[in-house]
């Protein structure tokens with residue numbers, strides 16, 4: 001009998017070792033959207049509760065817990081932010097809403113069994129934002145400077161396709177307060193070179209996706225536009241002034257031609 005009782009802890013240990021939590025997938029969720037993290041335990045065991053934690057320094061933080069006794073309990077800082085959907089003791093799904101950069105990271109799904117024993121798995125979340133882009137052209141007498149800008153998360157890659165791919169260009173980037181990366185590449189095209197093509201294409205790549213944005217350096221110089229507008233305004237003012245002088249002169253001539261004679265003004269005069 002004593003040998004039986006001695007072997008019971010070893011049996012329990014072997015039983016726990018056979019348990020496994022499945023999940024651990026890497027999930028992507030759109031910024032300001034939602035994402036679902038899922039885990040399950042096989043085979044089914046005597047689980048009393050399931051706890052979701054977020055890994056961070058100096059230690060993990062509880063997000064939400066489910067048990068038959070208390071149902072779903074979400075920690076204060078995650079209320080209106082996260083929830084356990086389809087609650088169960090052998091599988092669990094944590095949904096996070098209104099995703100921001102701070103939500104990115106890895107989460108622990110912990111199955112708690114009798115005796116305080118635990119089986120866990122890890123699911124990691126990546127917050128993404130599909131790229132957007134546009135082209136800016138700045139022209140001077142010496143050169144046309146064309147800049148292609150792209151904003152996204154993870155950082156997008158910006159390149160110039162042929163024929164501008166051989167032109168001198170530089171790429172820079174920075175991350176804004178929302179965690180989005182703004183990347184841009186500038187190409188300088190000297191004027192007076194007849195071999196320089198007037199049209200090019202900016203390529204923005206982001207994972208397996210790509211965006212093509214056409215660019216052109218045709219048209220008037222950017223710095224000439226204000227001067228041209230000023231000239232047109234001056235001509236318009238001059239024309240208005242001349243029209244006013246002409247109208248006033250015409251009105252005076254008309255009044256002078258219709259002036260009454262002295263005889264018309266004295267009805268009592270006799271011959």
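Using the three backbone atoms N, Cα and C, a Cβ is placed for every residue, glycine included.
Checking 194, 208 against Swiss-Prot, you find N-linked glycosylation site recorded for 208. Among the ranges 165-185, 228-248, the stretch that Swiss-Prot annotates as transmembrane segment is 228-248. For residue 208 (N-linked glycosylation site), the nearest neighbour among the listed recorded positions (39, 83, 91, 109), judged by C-alpha distance, is 39.
Helix first, then strand, then coil: DSSP counts for the domain 'Ig-like C2-type' (130-220) stand at 3 helix, 58 strand, 30 coil.
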